[in-house]
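Working notes for the structure below.
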Amino acid sequence: MSQPTETNTEKAKATAIKGRFSVPPNISNADEDEIPLMETFGVVPRTFDKKDYLEVENVELFKQQYEKNKREHHTDRYFNNKLIIRRGQTFQIRIDFNRPYNAEKDQFWVEFVIGRYPQQSKGTYIPIPIVDELETGKWGAKVIHNDYNYVTLSILSSPNCIIGKFRLYVAVLTPYGILRTPRRSDTDTYILCNPWCKEDAVYMDDEKEIEEYVLNDVGVIYHGEVTNIKTRSWEYGQFEEQILDACLFLMDKAQLDLSGRGNPIKISRVGSALINGRDDDGVLAGSWNNDYAYGVSPSAWTGSVEILLEYYSSKLPVKYGQCWVFAGVFNTFLRCLGIPARLVTNYFSAHDKDANLQTNIYLDEDGKTNTVQTKDSIWNYHCWNEAWMTRPDLPVGFGGWQAVDATPQEASDGMYRCGPASVQAIKHGHVCFPYDTPFLFAEVNSDIVYSKLMKDGTREVQYIDKTHVGQKLLTKEVGGNRPLDITDLYKFSEGTEEERLALDAALMYGVKKDFRDEEQFLSSPDTTMEFQEDSAVFGSDFKVTLTFNNQSSNRYTVSAFLTGHVVFYTGVLKSEFKNKTVQVTLEPLSTKTVDVQIKAGEYMSNIVEQASLHFFVTARINETKKIMAKQKVVVLQVPELRIKTTGDKMVGKEMRVVLEFTNPLKKKLQNVVLRIGGPGLMKTKTQIYREVLANANVAWEETCIPLVAGTRKLIATLDSETLRHVYGEMDLEILPGDN
C-alpha cells in the first residue's frame with residue numbers, strides 16, 4: 001500500500017526525525033491517515049471507468065448483539081454497536097458488489113488498518129487474501145457463499161495480532177491500480193485477546209475459569225484483617241458503554257507502540273503504570289492521608305466505570321484511589337481487552353524499600369515500642385492483580401498467573417509500576433526473572449525484626465517473627481462469592497525444606513537478608529503470649545485480652561507494654577491513643593489472662609479511613625531477659641446499608657430501588673454521600689445529605705430499568721468524614737423482557 005497523504009507540517013515533522021526510524025512512532029490507535037481510494041500503477045487512460053470493474057456497494061459485518069459474530073466471539077455483552085471479535089477465531093462478513101463475483105477474473109481482498117503510517121511488517125496494515133482453505137495462525141479469508149451480487153467470507157485472524165480498533169477496507173485489483181472502499185466508521189472493528197484460542201498467549205483451557213476471569217463484570221474485594229476478613233463487591237463493568245474505548249485510550253496515553261499491543265506482557269506492564277497517576281497523569285491519584293476534600297474518598301466508589309469514564313472525558317487523574325481501587329480498575333482494563341485477570345488480597349503485606357526481606361521495629365531498653373525510630377510499616381492488607389498469559393521470555397513452566405500491581409509503591413524502570421512477575425517465580429525464589437519479582441517476593445516473605453535500641457546507639461536483635469507477613473492470600477472463587485485461599489501459590493509452608501530452598505534461591509539471585517542464623521532470636525519456647533479482642537463495634541467500648549502461658553517449671557515475672565494506635569491500612573501510624581504497662585507473675589505450668597478496657601472516647605477523635613486500630617504488645621521475661629512480641633490489627637465493625645426493591649424485575653421494565661441507613665453514633669454525621677449502581681441495572685447515582693442526626697434513619701428512592709437478564713448485583717456505598725467503608729449489596733434475578 002502506498003504511503004498515505006500528509007500535510008506540509010506533518011512532512012516537516014517526519015523529515016526532522018533522524019536516526020534509525022524511517023517514520024515517526026505509531027503510538028495512537030485514535031489517530032489515522034487518509035487512505036487513497038485508488039492506488040494507480042502508472043498512467044491511467046482517459047477511458048478508464050471504475051464501473052467497468054468489480055465495485056463494492058456495501059459491507060455487512062453481522063455486528064448486532066444477537067448475530068453470529070458477537071455470540072460466537074463472546075462479545076455480545078459489550079454495549080457497543082460496532083463489530084467486536086477475538087483474535088485467532090473465524091468471523092463472517094458479507095460484501096455486496098455491483099455485479100456477480102467471478103473468482104477466475106476478479107481479484108479483491110479485505111484490509112485492516114490501525115493508527116498512522118500503516119506497515120505490514122509492523123502488523124498495522126493487514127491485507128487479508130482470499131484463499132481456498134484457512135490456515136491456523138495466519139490471516140485469511142475464504143468465500144463460503146457466492147450468490148447473485150454478494151459473497152460471504154469467513155475470515156480467520158492471527159492469534160497474535162494487535163489489540164485495538166481497526167479500520168476496514170475492501171480493495172479490488174484492476175489493470176490500472178487498486179480501487180478501495182471509502183472510509184466508513186460503521187465498519188470499524190475491535191479485535192481483542194482470545195482466551196478460547198489455543199494459539200493465543202492468554203489461552204485458558206477451563207470454560208468456567210474464562211467465564212469468571214474474563215466475562216464476570218462484578219467481583220469481590222477482600223479487606224479487613226486476617227482474623228476478621230471483610231468483603232465488598234466491586235463493579236468491573238468491562239462491557240459498559242465507552243469502557244472499551246477508554247481502555248484502548250490508556251494504551252495511547254502510555255504511548256505504547258501499536259506493534260507491541262498484541263503482547264499481553266507489554267499491555268499489562270504499561271497498564272500497571274497508567275492506572276496510577278503518580279508520574280504520568282494516569283487514571284487515579286492516590287491518597288492515604290484521610291483528606292479527600294478535593295475528590296471522592298476511595299471507599300466511596302462502587303466500581304470502575306465511573307472512574308474510567310471520568311478519566312476518558314477529562315484526561316486528568318481522578319481523585320482518589322487506594323490499593324483496592326487501583327486493583328479494581330486494573331482488573332476492568334485487563335478483562336475488557338480479553339486478558340484473564342483476578343484481584344488478589346495479601347494480608348500483612350510488606351513494603352520492602354531496600355529489598356532486605358525484613359521490617360524493623362525498634363524497642364527502648366525497657367522493651368517499649370519506640371515509635372519515633374520505627375519507620376517501616378506493614379500494610380494490614382494489600383490488593384494487586386494477576387493476569388493469565390504465557391511467558392515466552394522465561395523458561396518453560398513460568399507462564400500462567402502473573403502478578404501485576406498498579407498501586408504506586410516503588411519505581412520500576414523509572415516509572416511507578418510493578419510486574420508482570422511470574423507467581424511461580426515468586427514462590428520458588430527466582431527473583432532474577434522480570435519484572436519486579438524481588439519486590440513481590442518480599443511482600444509475602446519478609447521477617448519482622450524486633451531490635452532493642454541501647455543508649456549508646458547500638459542495637460540488639462531481640463526477636464524475629466517469621467510468620468506475620470503474607471499470612472493469607474485470597475481471591476474470589478470461580479463461580480461463587482466465597483474466598484479462595486491461594487497462599488500456597490505464592491509461598492511454601494514456613495519451616496519446610498521447600499521454603500528453605502526458595503529462600504536460598506532468592507539470596508543467590510541477589511535478595512539481601514541480614515540474618516541467616518535466626519534460631520537464636522526466636523521466642524523462648526517455654527513461655528507464650530496471645531492477644532485477643534472482643535467484638536469491636538465502631539463508636540463503642542470493647543476490651544482486649546492478653547493471655548500468658550508458662551509451660552516451664554520456673555516462676556517468672558513478666559513486664560508487658562501495650563500501645564494502641566489509630567492506623568492507616570498501610571500500617572502507617574497516625575496517633576497513639578492507648579499506653580498501658582502490665583506486670584504479671586507466672587507460676588510454674590500456669591496460664592494468666594489480663595483484660596485491658598478500650599474506651600470509644602480514646603480512639604474516636606482520631607479515627608481514620610478504615611476504622612483500624614493497631615496494637616503493639618511487647619513483653620519482657622525479667623528473669624531471662626527474653627522478649628515476646630505481638631501485633632494485632634482490630635478492624636471496627638461498621639453498619640451496613642440496606643437495599644430494597646419493588647416492581648417487576650424484568651429487562652425493559654421500570655423497578656424502584658430504596659437505599660436505607662441508620663446512623664449508629666451518638667452524634668450527627670455531616671456531608672453524607674450515598675452511591676448506588678450495578679452493571680446492566682443502573683448507572684451509578686449519587687445522593688448527598690448535609691447531615692444525618694444521631695440514631696436517625698434515611699431512605700433514598702431511585703428508579704432503574706434493567707438492560708441485562710440473569711443474576712445482577714446492586715452495589716451501594718456511604719461516605720462521610722466520620723464514617724467510611726459502609727457498604728450494601730443485593731443480588732437480583734432479572735427476567736428476559738417481553739418479545
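From the backbone N, Cα and C atoms, a Cβ is placed for every residue, glycine too.
Sequence annotations record features per position, and here TrEMBL assigns domain 'Transglutaminase-like' to 315-408. Summarising the annotation, TrEMBL assigns active site to C323, H382, D405. Marked as Ca(2+) binding site by TrEMBL: N445, D447, E494, E499.
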Shell list (Ca(2+); ref centroid = CB of N445, D447, E494, E499; cutoff 8 A): K466, T467, V469, G470, K491, L503
Those binding-site residues listed as D447, E499, and which of them has the most Cβ atoms within 10 Å of its own Cβ: D447
Rounded inter-Cα distance in Å - H382 (active site), D447 (Ca(2+) binding site): 17
Cα separation, D405 (active site) to D447 (Ca(2+) binding site) (Å, whole number): 22
From recorded positions C323, N445, E494, E499, the one whose Cα lies nearest D405 (active site): C323
Integer Cα-Cα distance in angstrom, E494 (Ca(2+) binding site) to C323 (active site): 27
Between C323 (active site) and N445 (Ca(2+) binding site), the C-alpha gap once rounded to whole angstrom: 19
Least buried by Cβ count (within 10 Å) of the recorded positions C323, H382, D405, N445, E494: E494
Whole-number mean of pLDDT values that fall within the domain 'Transglutaminase-like' (315-408): 91
